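Below: the structure, in structure tokens.
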Amino acid sequence: HENKAPKDEL
Amino acid sequence: MNIFRLLGDICHLVAIIVLLLKIWKTRSCAGISGKSQILFALVYTTRYVDLFFTYVSLYNSVMKVIFLASSYATLYLIYVKFKATYDFNHDTFRIEFLLIPCVILSLLITHDYSPVELLWTFSIYLEAVAILPQLFMVSKTGEAETITSHYLFALGAYRALYIVNWIYRYYTESFIDGIAVVAGIIQTILYADFFYLYITKVLKGKDFKLPA
């Protein structure tokens, strides 16, 4: 299971 | 935040400002693909709906608002204010050939089936190919104004710098987002031909012309 990546990039 | 991502964001910002200024100063959008600009507006709209749901930082929110506002301002200049100068005869790329595969792909390969995540995934795939109508237009006319080539270079450099940022983040934070990385690499590869001609011609003061 892959963790949802944090969306801190633009 | 690291230096590669910051430089990438600055390149992105420079690209958008260069395009807006070019159109505004010359009172013309000749040589600019309105279709690519429609796709970019769609990219920002679908990616930045999270402005309403998640707060990352002031920097993040301000940049998102700038990208959204500038993309719609660009569309306004092309399709309303300077519509008479829009070169629609050469802007003939069929964007449904990009939109439909991107919708399908985002439904097939996504981290999560939530609406916001699906929109984000779609925006990543669409961004990778959004420049194709513009590159198609350049290949059709065989040339680009110097300022347009600066725009394209800055826009291509932005995602190339993001790749370096992802490598850096992988080693320093163990952070990796496979979807963004693969799409970002494809996006950068699409600019490769252009980068080559830009470096060998435009930076030496020549016009951007495709070899006959």
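Glycine is treated like the rest: Cβ placed from N, Cα and C.
Nobody curates TrEMBL annotations by hand; they come from automatic prediction.
On a predicted model such as this, the values are computed, not experimentally measured, just so you know.
What TrEMBL lists as transmembrane segment is B:6-24, B:62-80, B:92-113, B:119-138, B:150-168, B:174-199.
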The transmembrane segment (B:6-24) in contact with the transmembrane segment (B:150-168), cutoff 8 A, at least 3 CB pairs, sep 6+: yes
Folded-back contacts onto the transmembrane segment (B:119-138), same chain, C-beta under 8 angstroms, at least six residues removed: 31-33, 35-36, 39-40, 42-44, 46-47, 49-50, 87, 90-93, 95, 98-99, 101-103, 105-106, 109-111, 144, 148, 152, 155-156, 159, 179-180, 183-184, 186-187, 190-191, 194, 208, 210
Distal contacts, the transmembrane segment (B:92-113) - CB-CB under 8 A, six or more residues away: 33, 35, 38-39, 121-122, 125-126, 129-130, 132-133, 136-137, 140, 177, 179
